[in-house]
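Q: Handing you this structure, nothing more for now.
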Amino acid sequence: MGKASKDKRDIYYRKAKEEGWRARSAFKLLQIDQEFNIFHGVKRVVDLCAAPGSWSQVLSRNLYVPAKQSPDCKEGDLPLIVAIDLQPMAPIEGVIQVQGDITNARTAEVVIRHFDGCKADLVVCDGAPDVTGLHDMDEFVQSQLILAALTIVTHVLKVGGKFVAKIFRGKDTSLLYCQLKLFFSQVTFAKPKSSRNSSIEAFAVCENYSPPEGFKEEDLYHLLEKVGTPSGVDDLDCRSGWLEGPNKVYIPFLACGDLSGYDSDRSYPLPITDGGSYRSLDPVQPPIAPPYKTALQMKKASSHSASRDAMKPSTDS
Ligand code: SAM
């Protein structure tokens, strides 16, 4: 399958290249912002699982660059954007990069250090494990990433702040909703127009961070476990309707982005140049250390040694 066919099949992939985004995911964050105005008043933000960096680009272009260009903005007032990923990423203006695992407690410490005692207004997490295709398994691993992100949220997000996280819709969606509702007064599951209908992906948009009274960060997992057990809810005001039984939990679900705009599941004709052909654009920023790099190196090395072996004179008599 060539580059041009992907450009045709996936309009957001093509648009991302045209507009200089490193990944088509940029449109998901932009469309979530169109609906929820998540960037309003944001000065400090954490981008979890950020590589190759299209969400960080969105944050930079919407928060950092306009502030830097404003004549009234002083150096100390510039928005602070901290991006974390297992993978390194190429630099982005105004984005501090941390290479680390968000499930590791030390990563949260590094983020906190960057905020120098101040709290973030917004935390976003587009984290995704390598999808296996086994929905239950993928949903479980994804939920572990969300819990890791929530741990960081409880350490760095200011009261009243917002959190946006990728989720995989599955049988535990109600449970996740209730767990998030413990910490945010408003939780909506959103499906941006740029996210394919065929994908179980959606985004939890959590507004107004307001942890339970007396909440201590070290009690997070204990508290979340209680939400999942019927005996635990008696002494826990979940604020979510869980007390009425799991089947009665109402999860606000919203499609967002320009609903009459491009459909991510449709093929679109390619724009033809004056010469009568279509010229596909190169990717904006290829990953600088993709996980498959080692595999390619190993494959190359083994095919070299196989061809060397083939050229060796035979020792058989
Ligand atoms: N938002 C990104 C963008 O717009 O370019 C795309 C994120 S990509 C879908 C998912 C990322 O999650 C990958 O870069 C992967 O390395 C990262 N990731 C997965 N597990 C992680 C973990 N435990 N800690 C940090 N990053 C992780």
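Positions of Cβ are set from backbone N, Cα and C atoms, glycine also.
TrEMBL annotations: computationally assigned, not manually curated.
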Q: Write down the one residue from Asp72, Asp77, Asp85 that TrEMBL lists together with Gly53, Trp55, Asp101, Asp126 as binding S-adenosyl-L-methionine.
A: Asp85
Q: Work out how many Å separate Lys166 (active site, proton acceptor) and Asp126 (S-adenosyl-L-methionine binding site) at their Cα atoms, rounded off.
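A: About 5 Å separates the two Cα atoms.
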Q: So how many of the residues in the region 'Disordered' (273-317) end up helix, strand or coil by DSSP?
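A: Going by DSSP assignments, the region 'Disordered' (273-317) contains 20 helix, 0 strand, 25 coil.
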Q: In this predicted model, what is the average pLDDT of the domain 'Ribosomal RNA methyltransferase FtsJ' (21-209)?
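A: A mean pLDDT of 93 is what the model gives the domain 'Ribosomal RNA methyltransferase FtsJ' (21-209).
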Q: Which recorded positions among Gly53, Trp55, Asp85, Asp101, Lys166 have CB under 6 Å of ligand 1?
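A: List returned for ligand 1: Gly53, Trp55, Asp85, Asp101.
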Q: Fewest neighbouring Cβ atoms within 10 Å: which of the binding-site residues Asp85, Asp101, Asp126?
A: Asp101
Q: Within 10 Å of the Cβ of Trp55 (S-adenosyl-L-methionine binding site), how many other Cβ atoms are there?
A: 29
Q: Return the maximum Cα to Cα distance in Å (whole number) over the record's S-adenosyl-L-methionine-binding residues: Gly53, Trp55, Asp85, Asp101, Asp126.
A: 18
